[in-house]
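The following features are taken from TrEMBL:
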{"type": "BINDING", "residues": "Cys468, Cys471, Cys508, Cys511", "note": "Zn(2+) 1 binding site"}
{"type": "BINDING", "residues": "Cys477, Cys480, Cys495, Cys498", "note": "Zn(2+) 2 binding site"}
{"type": "DOMAIN", "residues": "241-406", "note": "domain 'Helicase ATP-binding'"}
{"type": "DOMAIN", "residues": "503-671", "note": "domain 'Helicase C-terminal'"}
Amino acid sequence: MSSPSQRHLFETNELTSWEEAAQRDQLVADVVFNRPLQAAYSYLVPNELREWIGPARRVKVSFGRGNQTTVGFCVGVRPWEPTNRKLKPIVELLDREPLLDDKMMELTRWISEHYLCGWGQVLESVIPAGVKKKSGTRMVTLYTVPDRVRQNRDSIPLPLKQARVLDILCQQAEPMAVEDICEKAECGTSPIHSLRDKKLIDPVRHRAEQFDLEPLEPTQQELDLTLNEEQQAAFDKIITAIRTQQHSTMLLHGVTGSGKTEIYIQTIREVVSYGKQAIVLVPEISLTPQTIRRFRRRFDNVAVLHSHLTDAERHWHWQQITRGEVQVVVGARSAIFAPCPQLGLIVIDEEHENTFKQETTPRYHAREVARHRAELEKIPLVLGTATPTFESWLKVHQKEYDLVSMPKRVAKLPLPPVVIVDVRNDPQITKGAAIGRALESAMRLTLNDGGQIILFLNLRGFSPTMWCKRCGKGIQCPDCDITLTWHKDKQIALCHSCDYQIPPPTSCPNCDHPGLRFIGIGTQKLEQEVRTKFSNQKCLRMDSDSMSKRGSHDETLEIFRAGKASILLGTQMIAKGLDFPNVTLVGVIDADTMLHQPDLRATERTFQLISQVAGRTGRSSRGGRVFVQTASPGEPAIVKAAEHDYIGFARNELRHRHSLQAPPFSKMARIIFRGEAEQDVQAYALEFTKKLKETIEKESLDVLLLGPAPAPIAKLKRHFRFHLQVRAPQLELIHQLWRSTESRFPKTSTVEFIIDVEPANMR
Ligand SMILES: Nc1ncnc2c1ncn2[C@@H]1O[C@H](COP(=O)(O)OP(=O)(O)OP(=O)(O)O)[C@@H](O)[C@H]1O
Ligand SMILES: [Zn+2]
């Protein structure tokens with residue numbers, strides 16, 4: 001584009017008003033808001049802000065009906081054009097420095113297009129609150145002496161204290177804080193104020209850092225391990241990719257205990273040696289001191305971003321990262337937005353984990369964002385896992401990803417043998433116990449040998465179902481379509497979705513029949529059983545109830561590591577990443593809990609979880625065994641996991657998905673409608689679907705709509721829910737459908753809707 005502002009000034013054949021002539025020289029800022037809006041809105045840049053305005057800064061402008069002052073993000077600045085008549089001006093500029101660099105702005109824009117949400121919504125979520133509030137810093141007033149005073153100092157008569165203050169300031173090149181002046185001049189603040197009132201000194205406002213952070217305990221640095229042959233080959237492949245300075249995605253498929261972390265560390269070392277930075281994403285529950293220590297012991301400057309950081313801590317890390325002072329950022333999902341100035345590598349460990357998908361707007365998947373960021377930065381992305389998602393596995397076959405395989409454990413350790421235990425005829429289980437006969441005797445043997453045991457059960461609480469014998473009804477949350485779980489320790493019946501809780505009812509709320517049955521086994525009941533059966537052993541429980549206190553997670557793991565407890569039981573918190581050589585037995589209490597869910601990915605998840613949990617044992621020469629209790633012993637997900645045969649499992653499952661044209665062979669989005677009146681929601685969902693159908697016909701789009709139908713959880717937090725599944729061979733078609741219909745979505749005030757692109761859960 002040519003620069004029109006100058007040219008227009010000299011064009012005389014066009015009559016212009018003074019107002020317009022003045023505007024011609026002005027700038028226009030494009031602003032987006034934290035709303036589900038696609039468009040940017042234009043505002044005039046007042047002259048005094050010309051120098052400071054630019055993309056990635058927040059502005060206050062009047063917006064929407066009622067012209068309320070609203071904060072938005074400037075996403076671009078351009079010269080005024082005649083079509084920009086009558087623009088409202090920016091009211092205030094909140095940031096003088098950009099909050100993100102150009103590449104990150106491009107990344108956030110891409111997210112808004114890919115996940116069909118507003119760019120402003122993405123920016124709002126990507127930039128931490130602590131950065132926006134500048135937490136941990138405050139404005140202070142410094143004083144300095146103007147040159148005219150400095151030059152004539154000798155001819156200005158002053159009282160003693162004021163003279164002393166002025167002399168001190170004259171000797172300083174830099175502005176000084178009030179406290180420093182007082183201390184040096186041994187005076188109070190009044191001489192300073194008098195000098196200021198006489199205009200002999202000038203105030204300067206300055207933002208001072210006041211981070212009051214706990215110092216990190218120093219870690220002893222460790223040397224890199226010598227890679228084995230398999231690791232070396234994987235390392236060489238990744239290093240070659242790094243050196244090409246081109247983007248590529250590598251799937252590091254390595255069985256549990258194959259030493260993937262060591263490869264991340266050594267490839268990052270290469271990147272750091274170029275003065276560049278790396279980001280390592282891990283699931284939040286894997287951000288254990290053990291993981292963190294592994295990185296801190298190898299690099300001088302590691303930032304760990306987890307959800308417990310205060311605003312000030314987050315801001316401090318953000319600044320350190322921005323300045324390039326951090327070599328490695330280790331963090332959960334949102335660490336993908338760490339503002340590293342010269343990113344050299346992104347690693348995602350456990351790429352199959354669900355928690356990389358954000359379940360609130362913007363509903364991004366960190367893996368997809370990482371891929372786009374790596375493309376923009378022209379750097380490699382490494383996805384590490386023992387159980388790749390089918391999305392990633394298919395991309396390997398389509399040659400979009402490079403496969404790096406490590407099928408063996410380090411030190412030639414074998415993968416542990418897995419025994420599938422059919423519990424349907426087990427005498428103990430049929431009597432309501434959690435631990436069957438086979439598992440119990442394996443536990444006794446293990447304990448006699450001095451080994452440690454991990455027991456995995458994916459249900460917290462005591463009993464997940466309370467059931468009335470007479471009327472046959474379960475006790476449900478009044479606000480959700482979910483049965484309440486009995487938490488015996490707190491004496492409550494709790495909804496695991498909305499936290500609704502009541503004292504456990506003594507009779508059926510439905511038919512008043514006294515004496516309810518408690519069915520099913522949660523981690524608390526399992527704990528009770530273990531304590532009864534193994535009363536001379538110390539047992540630890542880890543689930544979100546027992547681990548709500550900050551730091552308790554780490555404490556428990558340390559006790560177990562030190563061998564001060566022999567049994568660790570818990571939910572998926574204990575399924576991943578743990579590396580305890582003395583664990584020689586793993587028990588999966590109920591492999592079926594994940595299996596029978598109305599979700600396309602139920603089998604895939606079952607396979608992943610069993611593989612991960614099984615991977616916690618056999619990690620030393622002491623060996624290890626796994627017992628998987630199930631009522632579906634023939635289920636391929638369980639059989640294949642027991643055989644450690646990911647490739648065989650993937651082959652069969654992918655064939656099945658292909659025959660259904662289900663993801664990953666098609667792309668999917670899910671539209672969820674919710675409202676307090678069931679009929680309203682249903683009627684609205686139908687109306688909405690009709691509009692989409694019209695577009696599909698008009699534009700002949702190859703898109704399939706399934707539904708609308710009640711969502712699997714038909715009521716949640718007092719809202720009735722319907723969902724509509726949208727499928728297409730390419731995501732672009734779904735984007736097109738949405739964008740073309742958007743302006744015609746039926747209006748409503750009683751029903752809300754959201755779109756979840758490439759959903760991770762179907763609840
Ligand atoms: N080359 C090596 N020589 C000796 N020990 C190694 C080597 N590489 C890794 N190890 C050790 O092997 C163990 C397993 O490694 P690591 O935890 O990296 O495996 P992983 O593939 O990430 O496993 P998981 O997927 O189960 O978390 C660790 O204790 C690690 O220190
Ligand atoms: Zn509820």
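Even glycines carry a Cβ here, placed using N, Cα and C.
On the structure: features taken from TrEMBL.
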residue	record	DSSP class
Cys468	Zn(2+) 1 binding site	coil
Cys477	Zn(2+) 2 binding site	coil
Cys495	Zn(2+) 2 binding site	coil
Cys508	Zn(2+) 1 binding site	coil
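Surrounding the centroid of the Cβ atoms of Cys477, Cys480, Cys495, Cys498, where the record places Zn(2+) 2, the chain contributes additional residues within 8 Å, namely Gln476, Pro478, Asp479, Ile482, Leu484, His496, Ser497, Asp499, Tyr500, Leu716, Lys717. Looking just at the domain 'Helicase ATP-binding' (241-406), the mean pLDDT is 94. In the vicinity of ligand 2, defined as a Cβ distance under 6 Å, the following of the binding-site residues Cys468, Cys471, Cys498, Cys508 are placed: Cys498.
Checked against Cys508 (Zn(2+) 1 binding site) by C-alpha proximity, the binding-site residues Cys477, Cys480, Cys495, Cys498 yield Cys477 as the nearest. Taking the mean position of the Cβ atoms of Cys468, Cys471, Cys508, Cys511 as the Zn(2+) 1 site, the remaining same-chain residues with a Cβ inside 8 Å of that point are Lys469, Arg470, Gly472, Lys473, Ser507, Pro509, Asn510, Asp512, His513. It is Cys477 that, of the binding-site residues Cys477, Cys495, Cys508, has its Cβ surrounded by the most other Cβ atoms within 10 Å.
Between the C-alpha atoms of Cys477 (Zn(2+) 2 binding site) and Cys468 (Zn(2+) 1 binding site), the distance comes to 15 Å. Separating the Cα atoms of Cys498 (Zn(2+) 2 binding site) and Cys468 (Zn(2+) 1 binding site) is a whole-number distance of 23 Å. All protein chains shown were included, and the count of other CB atoms within 10 Å of the CB of Cys498 (Zn(2+) 2 binding site) stands at 15.
Counting only same-chain residues six or more apart in sequence, the Cβ atoms lying under 8 angstroms from the Cβ of Cys480 (Zn(2+) 2 binding site) belong to Cys495, Ser497, Cys498, Tyr500, Ile713, Lys715, Leu716, Lys717. Most buried of the binding-site residues Cys468, Cys471, Cys511, judged by other Cβ atoms within 10 Å, is Cys468.
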